[in-house]
Amino acid sequence: MSWSLHPRNLILYFYALLFLSSTCVAYVATRDNCCILDERFGSYCPTTCGIADFLSTYQTKVDKDLQSLEDILHQVENKTSEVKQLIKAIQLTYNPDESSKPNMIDAATLKSRKMLEEIMKYEASILTHDSSIRYLQEIYNSNNQKIVNLKEKVAQLEAQCQEPCKDTVQIHDITGKDCQDIANKGAKQSGLYFIKPLKANQQFLVYCEIDGSGNGWTVFQKRLDGSVDFKKNWIQYKEGFGHLSPTGTTEFWLGNEKIHLISTQSAIPYALRVELEDWNGRTSTADYAMFKVGPEADKYRLTYAYFAGGDAGDAFDGFDFGDDPSDKFFTSHNGMQFSTWDNDNDKFEGNCAEQDGSGWWMNKCHAGHLNGVYYQGGTYSKASTPNGYDNGIIWATWKTRWYSMKKTTMKIIPFNRLTIGEGQQHHLGGAKQVRPEHPAETEYDSLYPEDDL
């Protein structure tokens, strides 16, 4: 163990030097008394003188060392006092009793555990955010690629726009006053054509059905998939709605004003053909001679001379449903004005067009109704209708009122082009006359005043 630093060693060293110093002070050897016998050093005088000389030589150095040790002791005492004061201050500040130490350790442990849990949560959150950042970076890169692709497409479209526009729908060049006129001019293909009836201010587009015999039918109604909602207002039925296609595979209503202009334009009357198809693929037809639709001033009234034949039967003449003796009379359509939900012209105290969801030549209400609601599968019931009425696409003389057709077509042709098939009537004697309340309607050319589209 080193004696240089430990306070206890310094104290011992100090007392040893003090003892020697006191001895030297008690007896200082000189040349005069060197040989005087001194009983403390025995009988050998020279030895006593040697010790005296030795002590005399080192006395000054010892005094310096003593002074230095005293200074060090004072410093040690000062430091010791400071340490004691510091210990006392620490004890005053923090001096738990033995019983509280376990609780404090537990509290510190719990606090450490919570801190670790928080650290783990932050680490997990950092990992989650890193994952989100990577995901967003991927989306950002993907969107940048999409933007590049869109810019390329825009550039392609801009290049295409520099070229002259071309119609993607084929519209034939031949025009006429109706589709039969177009067929007479040499048209052989069914499709879209412009016609301009004699009293029309401008031409309009129609779908012409041209057969191999040179018959040109002007189609004004088509149902085939339920893609078009036929619950429209008066203006929409007047102008027409739906879509015309070159292949005749879209639903539409040509427009009451156009039907009126076509069907009343010449002395040659028109014939109406109704084509029906059920959900089993069976088809049937019904033909009506001298068909026409009046002007808007007369609410686009429907009239015809007689039923010209067809296996679908004459639903326009009404049908006896067995509900009332007057069923047939109040479900006939000849002479009826056109009705829509916002323009009621029927014979019913209610509104047939509103309750049946369509526009039609309503009586009270109908036996044939080709603008009705499109029911998938055909069969429907009172429970499936909003008001419990037969509102489907019906033709009561071929199917029941609770069977809705899959496909229908209404088209007209000049009466002299009507093909006479097996079982069809073609004689005026079998004509069914118009209701007595409208006797003038049998005169085809004199009923309507001149009017324009």
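Placement of Cβ uses the backbone N, Cα and C atoms for every residue, glycine included.
According to Swiss-Prot, the protein carries these features:
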CARBOHYD  Asn78  N-linked glycosylation site
DOMAIN    170-416  domain 'Fibrinogen C-terminal'
CARBOHYD  Asn334  N-linked glycosylation site
BINDING   Asp344, Asp346, Phe348, Gly350  Ca(2+) binding site
REGION    424-453  region 'Disordered'
COMPBIAS  442-453  compositional bias 'Acidic residues'
MOD_RES   Tyr444  sulfotyrosine
MOD_RES   Tyr448  sulfotyrosine
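In sequence order, Met336, Gln337, Ser339, Cys352, Ala353, Met362, Asn363, Lys364, Cys365 constitute the residues six or more apart from Asp346 (Ca(2+) binding site) in its chain with CB-CB distances below 8 Å. Most Cβ neighbours within 10 Å, among the glycosylation sites Asn78, Asn334: Asn334 holds that distinction in the structure as shown. A helical conformation is recorded for Asn78 (N-linked glycosylation site) in the three-state DSSP classification. Counting in whole angstrom, Asn78 (N-linked glycosylation site) lies 132 from Asn334 (N-linked glycosylation site) by their C-alpha atoms.
DSSP assigns Asp346 (Ca(2+) binding site) to coil, not to a helix or a strand. With a cut-off of 8 Å between CB atoms and residues at least 6 apart in sequence, the same chain places nothing near Gly350 (Ca(2+) binding site).
Here Asn334 (N-linked glycosylation site) is positioned 16 angstrom away from Phe348 (Ca(2+) binding site), judged by their C-alpha atoms.
Mean pLDDT for the domain 'Fibrinogen C-terminal' (170-416) in this predicted model: 96. Straight-line distance linking the Cα atoms of Asp344 (Ca(2+) binding site) and Asn334 (N-linked glycosylation site), rounded to a whole number, equals 17 Å. Within 8 Å of the centroid defined by the CB atoms of Asp344, Asp346, Phe348, Gly350, the record's Ca(2+) site, lie the Cβ atoms of Ser339, Lys347, Glu349, Asn351, Cys352, Ala353, Glu354, Gln355, Met362, Lys364, Cys365, excluding the listed residues themselves. Around Phe348 (Ca(2+) binding site), a 10 Å sphere centred on its CB holds 15 further CB atoms from the protein chains shown.
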